[in-house]
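Scroll down for the structure; my scribbles are underneath it.
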Amino acid sequence: MRYLTSGESHGPQLTVIVEGVPANIEIKVEDINKEMFKRQGGYGRGRRMQIEKDTVEIVSGVRNGYTLGSPITMVVTNDDFTHWRKIMGAAPISEEERENMKRTITKPRPGHADLVGGMKYNHRDLRNVLERSSARETAARVAVGALCKVLLQQLDIDIYSRVVEIGGIKDKDFYDSETFKANLDRNDVRVIDDSIAQAMRDKIDEAKNEGDSIGGVVQVVVENMPVGVGSYVHYDRKLDGKIAQGVVSINAFKGVSFGEGFKAAEKPGSEIQDEILYNSEIGYYRGSNHLGGLEGGMSNGMPIIVNGVMKPIPTLYKPLNSVDINTKEDFKATIERSDSCAVPAASIVCEHVVAFEIAKALLEEFQSNHIEQLKQQIIERRQLNIEF
């Protein structure tokens, strides 16, 4: 399975083509749109999300509600394009029109792709960089992940997410499955503990009032994963390596860990390794899950726990120092409409990126052209965990 996205932040649309989805999966566009709506929410979001009404149109690969096994194409319209039609249109414009453009960018933002991207592709107007490097592209990635979540549901695999930390204010590291699921989306910062939600909102408001931004930590959990997905044989087939690459490819994500993560460095091995137990009904399992469901680059049947670190968004309303690439003079960086905190929305993006990586790994492990074939192979692998 693979996908390719196209489109600019203020262009007419985002387009994504997904290849390798098995045939005969029932797809309802409202299920995908429900996930798209979640991405637009969260405390700290900017005005852009008040303009956009992200919905998906499926234009290929699905017939009468079922996947065909051929490439699936989805389109997300950018409603804000109506305000950018001349500036972001494909049609040529005159030099006079170009000179009169008010949205040409020559003052790169620290922490963004602006300057290095301009150098790499020889763009003197850095809008050509920021339009594609914008996190707006994650709308297309959420559409892909939503499609993958439908596939995972067919295999009785659950995936969900939450916010663990915003601006140094932390929720608990771990919750049991029942508590986690029962409290999803209970507040607009996506934390389980309501008592710290207001403290997070206050922290976001403080950053916004100061023209600043804040980051945080999100967590994704995958439950009922069959054992042995991934491989210890080669580095590029390790499941945790694939998930890690997917997570750090999300805009502004600067770190990833699994289970206890970096805290494992503080403890002895006897407190980190998960003891192996056996039950005749469920087979092998672990007495704990410090390693986050992954051993030797493979799933071990325990919940996969992924933690992602998001830095503060680099667009600041109190801009940092920069340099105009035309005059080489010192200037404050460009101010572009942005969020003060996108961590709650980023937890949704991370969930869907992980969903894609899990679905992709399953289809690599169990080469299947249709969902019935895939289901049978998953049943057999789960039985192996009991009979081995």
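These residue numbers are counts, starting from 1, taken along the chain as shown.
Just so you know, glycine gets a Cβ as well, placed from its N, Cα and C.
Lifted from Swiss-Prot, the feature list:
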type: BINDING; residues: Arg39, Arg45; note: NADP(+) binding site
type: BINDING; residues: Arg132, Ser133, Ser134, Asn251, Ala252, Gly296, Lys311, Pro312, Ile313, Pro314, Thr315, Arg337; note: FMN binding site
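Sequence features annotated in Swiss-Prot and their locations in the structure.
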residue : record               : DSSP class
Arg39   : NADP(+) binding site : helix
Arg45   : NADP(+) binding site : coil
Arg132  : FMN binding site     : helix
Ala252  : FMN binding site     : coil
Lys311  : FMN binding site     : coil
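Within the group of binding-site residues (Ala252, Ile313), the Cβ with the highest number of other Cβ atoms inside 10 Å belongs to Ile313. The two recorded residues Ile313 (FMN binding site) and Arg45 (NADP(+) binding site) have their Cα atoms spaced 11 Å from each other. Neighbour density for Ser134 (FMN binding site): within 10 A of its CB lie 19 other CB atoms from the protein chains shown. Thr315 (FMN binding site) and Arg45 (NADP(+) binding site) have their C-alpha atoms 13 Å apart, to the nearest angstrom. Residue density at Arg39 (NADP(+) binding site): 27 other Cβ atoms are found within 10 A of its Cβ, drawing on all protein chains shown. Taking CA atoms as the reference points, Arg132 (FMN binding site) and Arg39 (NADP(+) binding site) are 18 Å apart. On its own chain, Arg45 (NADP(+) binding site) has Asp339, Ala342, Ala345 as residues at least 6 apart in sequence with a Cβ closer than 8 Å to its own Cβ.
Taking each of the binding-site residues Arg132, Lys311 in turn and counting other Cβ atoms within 10 Å of its Cβ gives the largest count for Arg132.
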